[in-house]
Amino acid sequence: MARYIFITGGVVSSLGKGLASAALGALLQARGFTVRLRKLDPYLNVDPGTMSPFEHGEVFVTDDGAETDLDLGHYERFTGVSARKTDSVSSGRIYSNVLEKERRGAYLGKTIQVIPHVTNEIKDFLAVGEDEVDFMLCEIGGTVGDIEGLPFFEAIRQFAQERARSQCIFVHLTLLPWLAASGELKTKPTQHSVKELRSIGIAPDVLVCRSEHPIPEKERAKIALFCNVRPDAVIPAYDLKTIYEAPLAYHRAGLDQAVLDAFQISPAPRPDLTRWEDVMDRLENAEGQVRIAVVGKYTQLEDAYKSIAEALTHGGMANRVRVRADWVDSEKLEGEGAHLLDGYNGIIVPGGFGERGTEGMIAAAKYAREKKVPYLGICLGMQMAVIEGARNLAGMPDAGSEEFDHEAGKTRFTPVVYHLKEWVQGNYTVQRKLTDDKGGTMRLGAYTAVLVPGSKISEIYDGALEIEDRHRHRYEVDAKYRDQLEAAGLSFSGMSPDGRLPEVVEYRDHPWFIGVQSHPELKSKPFQPAPLFAGFIRAAMDNERLV
């Protein structure tokens, strides 16, 4: 049965609980343990699938089609363990499950209350798969004291109480603010955060203290005394140049040892951190630099493209080169022109929804095609590349997407991209209507693409004729225009196994121009970069040498 580590936060949000959880999972793996990481989000949305990227950041999609928090991306990148639907839950999902059970009569006429019905639902979620791994790391979103988070804190308190003391521990992440006027770190916010946590029945075993300045030993001792933890369980967490330094930094600070001590695991297996030392070597000793323009709709918030940013870093590691990614607002291209892309060694157009900014994406695809600049179009980025080719090469000047017509409420375009109403998933066929609810109704999760032998995409994947990547879309390039587009030079080099859905397009006469309907960035890891991103950066390096 798994040991449980509950990671909570206090003082302020966005302190890095997700990264701390991912780094701790990686450190436990380095000691030979198996791990799984989970995220419990107190917001009332059922999942983040319908939330604005400006509100929530990226939606991370799992192999089995769950739309989850971007922290699950950190979990996967650091541990290599593929997340599942059962690794992410929100208050909305919990309450939805409880109400569905009430309607079915599952509670036998009882009055439904937060305790025990909601807390029991949360505990049932925590217990799924507990026999599969050595450690289950569960991050609670938000901060202690948030009203919407109280049922989760109560549930983990009960969960720990119902198990042996040596089976559950609590790690609490707090902030030590620096007061410039007095030139000192202040521990009082941490003390009050722990006081708040203890008031709901949870006593932290390990404190992780975020700080911009070194934490003196006397301050660590003071925190330990007032918060009732061991001095060596007060772990400093400083700002780092790269998130991939976190496992090594937390190991030096003693986080993994403090956790094992709290579980009374002795002697603790020695860690093998070779993998992370190699990652840092590739980052710190990179030679040269390539400049990449990411032309998107949500560039004001980099977290909206978190996996893109990390996959570019991984591609740089694979080629031992630094990647400088600039976030270019696609609407700005519409107003100021594609000359804004001059000087870049590669262009990425990532996914998105809605018509806003898409003419700028189309302009970026045209610029890359005509200037022979490496281009990677992802999801919407592939669709915009197809529309650009249809308009300017295949004699369809009014080519566009049904998505834009549906948004405007009138027909304006020849729909080379159409609303996907049916597709094969496993052994059955999924059917969708335009009037369906938005949440959870897209083509989600891992799907196979069958590749054309000898195509560039096949070469990138070492000659593979089938690849599998994750998807998140409800619009698709219409295969009925395939012959017309291929005659214009745009090759359909990857299709769904039934031959109905285009998965990959590429230009035969271009050094490197590929569009994919999937999201290969979601499976990229620092020690296993996504082949498409490694190949894209390699092509950008070739372009840099030509400039």
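Cβ coordinates are placed from backbone N, Cα and C, and glycine is handled just like the others.
Site annotation (Swiss-Prot): CTP is bound by Ser13, Asp146, Ile147, Glu148, Lys186, Thr187, Lys188, Pro189, Thr190, Gln191, and the candidate from Lys101, Lys110, Lys218, Lys222 recorded at this site is Lys222.
The L-glutamine site recorded in Swiss-Prot comprises Leu380, Gly381, Met382, Gln383, Glu403, Arg474 together with one of Gly352, Gly357, Gly426, Gly499, namely Gly352. For the ATP site, Swiss-Prot records Ser14, Leu15, Gly16, Lys17, Gly18, Leu19, and the single candidate of Asp71, Asp87, Asp124 listed with them is Asp71. The secondary structure of Thr187 (UTP binding site), as reduced to three states from DSSP, is coil rather than helix or strand. You'll find the Cα of Gly16 (ATP binding site) roughly 33 Å from the Cα of Met382 (L-glutamine binding site).
Within 10 Å of the C-beta of Lys186 (UTP binding site) there are 14 other C-beta atoms, taking all protein chains into account. The two recorded residues, Gln191 (UTP binding site) and Arg474 (L-glutamine binding site), have Cα atoms 49 Å apart. In this view, Glu403 (L-glutamine binding site) is surrounded by 22 other Cβ atoms within 10 Å of its Cβ, with every protein chain counted.
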